Amino acid sequence: MKKIKCALIGPGNIGTDLLYKLRRSPVLEPVWMVGVDPASDGLARAREFGLKTTDKGVDGLLPHVVGDEIRIAFDATSAYVHRDNSDKLTALGVKMIDLTPAAIGPYCVPPVNLDAHLDSAQTNVNMVTCGGQATIPMVYAVSRVQPVAYGEIVATVSSRSVGPGTRKNIDEFTRTTSGAIEQVGGARKGKAIIVINPAEPPLIMRDTIHCLTDGPPDVDAITASVHAMVKEVQRYVPGYTLKNGPVFDGNRVSVFMEVEGLGDYLPKYAGNLDIMTAAAAATAERFAEQMLAATAATA
């Protein structure tokens, strides 16, 4: 089957984990890995897998975009450089999947709003953050039943799973995740907190979600909605587990999640990598299917 060719920008933890997932995709073919450090482990792994690489940043990729038929690019660098990367590549007709908190394109959380993006001509979609991908489906599971006045999430991740790019973007992480809790999750007001835990051995990703509903919560409907949404996320992140809840206390609905990774690049405790990269891969696969269908229709 024909595949859509892709480039990955940023060979850190997220970019390298994503590479493993794209190599298993039935519709995506990673062909380039872009970095800035010649000694990067991610670039070395990409070369081992047969990808072309450059340590000259996106400028090193641009001359090859058309010739190598790159249609989709994943940016796993940082919010500070994403806009420049996106402008250069979208000008060449490349669709950007943004894994930074830059959020210059609309937020995408696959089980909540991916279908809406397929119907639009967006050239750039933003995957929010790892904390957003883990928690916003739960906020939405409550808000689709009844209005949510306030949604608060706490994402706790292992220090070892958090690379330098994410550490530079902590403020952007909280702003972007809070915004997406409102715009995608459906809460009127959102707040996000990230805890980077230095414990050894590293702890698995844990997420706590609190929602304050308008009026007494509909216990049965919210419980059913939460369980249904967990199954939706598990379609692309099998290690997404409801540990407790939903717990009801007055107007507060609390959900407690755990996210175990597949162990592709970092061990299974790094579920924060997995939920981000799996969501990005799932999103890109839907775009690729759309591209392939359009090509077949005009053939």
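Glycine is no exception: its Cβ is also placed from the backbone N, Cα and C atoms.
Small disclaimer: the values here were computed from a predicted structure and weren't measured.
Under the heading active site, acyl-thioester intermediate, Swiss-Prot lists Cys130. Sequence annotations record features per position, and here Swiss-Prot assigns NAD(+) binding site to Ser161, Val162, Gly163, Pro164, Gly165, Thr166, Arg167, Lys168, Asn169, Asn272.
Where Swiss-Prot records a feature, it is marked here on the structure.
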{"residue": "Cys130", "record": "active site, acyl-thioester intermediate", "contacts (Cβ under 8 Å, 6+ apart)": "Ala155, Val157, Met205, Asn272, Leu273, Ile275, Met276"}
{"residue": "Ser161", "record": "NAD(+) binding site", "contacts (Cβ under 8 Å, 6+ apart)": "Asn13, Pro202, Met205, Leu266, Tyr269, Ala270, Asn272, Leu273"}
{"residue": "Gly163", "record": "NAD(+) binding site", "contacts (Cβ under 8 Å, 6+ apart)": "Gly12, Asn13, Ile14"}
{"residue": "Gly165", "record": "NAD(+) binding site", "contacts (Cβ under 8 Å, 6+ apart)": "Gly10, Gly12, Ile14, Ala76, Thr77, Ser78, Thr100"}
{"residue": "Arg167", "record": "NAD(+) binding site", "contacts (Cβ under 8 Å, 6+ apart)": "Ile196"}
{"residue": "Asn169", "record": "NAD(+) binding site", "contacts (Cβ under 8 Å, 6+ apart)": "Ser78, Ala79, Thr100, Pro101"}
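Highlighted in sequence order, Gly12, Asn13 have their Cβ within 8 Å of the centre of the Cβ atoms of Ser161, Val162, Gly163, Pro164, Gly165, Thr166, Arg167, Lys168, Asn169, Asn272, the residues recorded for NAD(+), and are not part of that set. Max Cα-Cα distance over the annotated NAD(+) binders (Ser161, Val162, Gly163, Pro164, Gly165, Thr166, Arg167, Lys168, Asn169, Asn272) is 16 Å.
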